[in-house]
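Listed features, source TrEMBL:
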TRANSMEM  17-38  transmembrane segment
DOMAIN    34-237  domain 'Rhodopsin'
TRANSMEM  50-75  transmembrane segment
TRANSMEM  95-119  transmembrane segment
TRANSMEM  131-151  transmembrane segment
TRANSMEM  181-203  transmembrane segment
TRANSMEM  215-235  transmembrane segment
């Protein structure tokens, strides 16, 4: 880690950020296309959880496109020592804002899809209540997180036009940091709840143990997302102020 006043070894990481985002987009795209093919042409039936995933992917395409545009045409991933233009900074800040606003609806839609799937599998009233409670809590926290991010500046466009010295104001960054931490923790608990629930749902199902274990593992992969959410919290809370955070 560079000490204060010392420049990092590499001043431009925009291409790395672009390709990382592109790889994630391609992996997600291939997965969704396979799902569309299986559900549309083999099973010949798309359920509500499928449509929710398709909607979430459409949102993610927009998210990834905006992020990649910021890396290539904006200042995302570029150190301020490169003296990029204010237009590039504003473009990246606008993209950052749009991605923040898209994040909560996209992740909520994905979790809602998982809840809908588990509701079809659940036969116990207790399990169904757990799923509905999980969905209600994550929907409420996601809605609150969305509005905090969307209206953290007044007017909202001040988030990216402030580089030009326009009139407006933004609330303390601590509010966004605390909101992000709370949303991440609640989302992690939600992911772990939804990840462990398949084990209970399949406990009394009359199939062989190996098949039961395989299905439970596949349905529980979302727990990984919960771990990632906790890992990223320290990095979010340490984002530097000003334009330096674009790097």
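Counting begins at 1 with the first residue displayed.
Glycine is no exception: its Cβ is also placed from the backbone N, Cα and C atoms.
Curation does not apply to TrEMBL; its annotations are automatic.
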For the transmembrane segment (17-38), which stretch among 50-75, 131-151, 181-203 has the most Cβ pairs under 8 A?
50-75
Most CB pairs under 8 Å with the transmembrane segment (95-119): which of 50-75, 131-151, 181-203?
50-75
Would you mind listing the long-range same-chain contacts of the transmembrane segment (181-203), meaning Cβ under 8 Å and 6+ residues beyond its ends?
104, 107, 111, 114-115, 118, 121-123, 127, 130-131, 134, 137-138, 141-142, 145, 212, 215-216, 219-223, 225-227, 229-230, 232-233, 236-237
Taking the domain 'Rhodopsin' (34-237) alone, what is its mean pLDDT?
87
Long-range neighbours of the transmembrane segment (50-75), counting only residues six or more past its ends (CB under 8 A):
14-15, 17-18, 21-22, 24-25, 28-29, 32, 35-36, 39, 84, 88-89, 91-92, 95-96, 98-99, 102-103, 105-107, 109-110, 112-113, 116, 243, 246
